[in-house]
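Okay, so here's the structure we're looking at.
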Amino acid sequence: MNILSLRLKNFRNYKEAEVSLSPNINYIFGENAQGKTNLIEALYVLSLGRSFRTSHLTEAIFFGSSYFFLEMTFEKDGVPHTLSTYVDKHGKKIFCDQSPIKTLSQLIGMIPIVLFSAKDRCLIAGAPSDRRLFLNLLLSQCDPQYKHSLSYYHRALLQRNTLLKTKQTSTLSVWDEQLATLGSYLCLSRYTCCAQLNQLIQTLWNNSLSERLFIKFKSSLIKQCKISQEAVKNELHKQLTASLHRDLELGNTSVGPHREDFTLMINDLPVAQFSSEGQKHSLLAVLKLAESLYIKSLHNVYPLFCMDDIHAGLDNQRISQLLGLAPSLGQTLITSTTLPHQTLSEANRIFSVNQAQISIHSHAIIK
């Protein structure tokens, strides 16, 4: 799968722009606030139906305009397709090959994408909800059943919480059964995902200090090393029953996958407390590379790999390592304030961005 071109209209600081992309590395450089990150954001919105910078897509509309329009052409299994998103104050419309996409479940996974940016610091120091979102987006791009289970789990959770707030307990058992069935699939999927990410991290994390980097998944539902969905379902059902009195007092559900979390660890110590800022950024880069390889292992296609502001927090040695890995990661977009310090082959493309004007800097080898 390759994205062939991207078109933007009334998006952020772009009144209108179009860019053709290389199937390999696309290196985009320019001063700050010129529109580099906006290109990655546009691809993210097209791929996932949401932004990584705002929860309100209308904030991305060009000043003075009433809408924005994004369109990409991409090739999948040798067949060209068009995907577009239109947003105005009334809502969002998404089309693939002129056919409407009515739900995000239909969209997510069509164009798998991995983003590495400064906002990923939340995976170390942010709230548990940030880390659950990371797993939810990753698994939703790979597993249609996970998307379905997640959607229906939150619906059932909302219904149960409504009953708890109004002290209506007569039908709670119905929702407990749904939560246990759906929640067990979510929990087991996350547990398995973290285990597989850890294997990939160990392959990627290579340093002279022999430090061990891994994800520690935290769930009250995991009671033993060898688990099954039935065992997790029974455990969640038991915990929902045991916490009923407390839940009635709180007016919400205190146990389940919506309370799960994970911690990035290095040598059995939390990265958040025992790593330098530069080391944290390097560790996150490894996690994001593992995320890309995880999607490849399930999709049999590399996701679009985006690295925003690559020089923020990474030294030249680590950047060189990332760029060395990039050709084996499929199509990649990188933004930076400077030109690369190492050679990029003719198969790649370098763009400069200045005041929302995109130009091809060179197709040639740069040293």
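If you go along the chain as it appears here, the first residue is 1 and each next one adds 1.
Each residue, glycine too, has its Cβ placed from N, Cα and C.
Pulled from Swiss-Prot, these are the features on record:
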type: BINDING; residues: Gly30, Glu31, Asn32, Ala33, Gln34, Gly35, Lys36, Thr37; note: ATP binding site
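In sequence order, Arg12, Asn13, Tyr14, Val353, Gln355, Ala356, Ile358 make up the list of same-chain residues 6 or more apart from Gly35 (ATP binding site) whose Cβ falls under 8 Å from its Cβ. Of the binding-site residues Asn32, Gln34, Gln34 has the largest number of other Cβ atoms within 10 Å of its own Cβ.
There are 24 other CB atoms within 10 A of the CB of Lys36 (ATP binding site), with all protein chains counted. Residues Thr335, Thr337, Val353 surround the recorded ATP site, their Cβ atoms falling within 8 Å of the Cβ centroid of Gly30, Glu31, Asn32, Ala33, Gln34, Gly35, Lys36, Thr37, which are themselves excluded. Listed in sequence order, Arg53, Ser117, Asp308, Asp309, Thr335 are the same-chain residues at least 6 apart in sequence whose CB falls under 8 Å from the CB of Thr37 (ATP binding site). Counting every protein chain shown, the Cβ of Gly30 (ATP binding site) has 22 other Cβ atoms within 10 Å. The Cβ of Glu31 (ATP binding site) lies under 8 Å from the Cβ of Thr337, Asn354, each of these being in the same chain and 6 or more residues away along the sequence. The Cβ of Ala33 (ATP binding site) has 10 neighbouring Cβ atoms from other residues within 10 Å, across all protein chains displayed.
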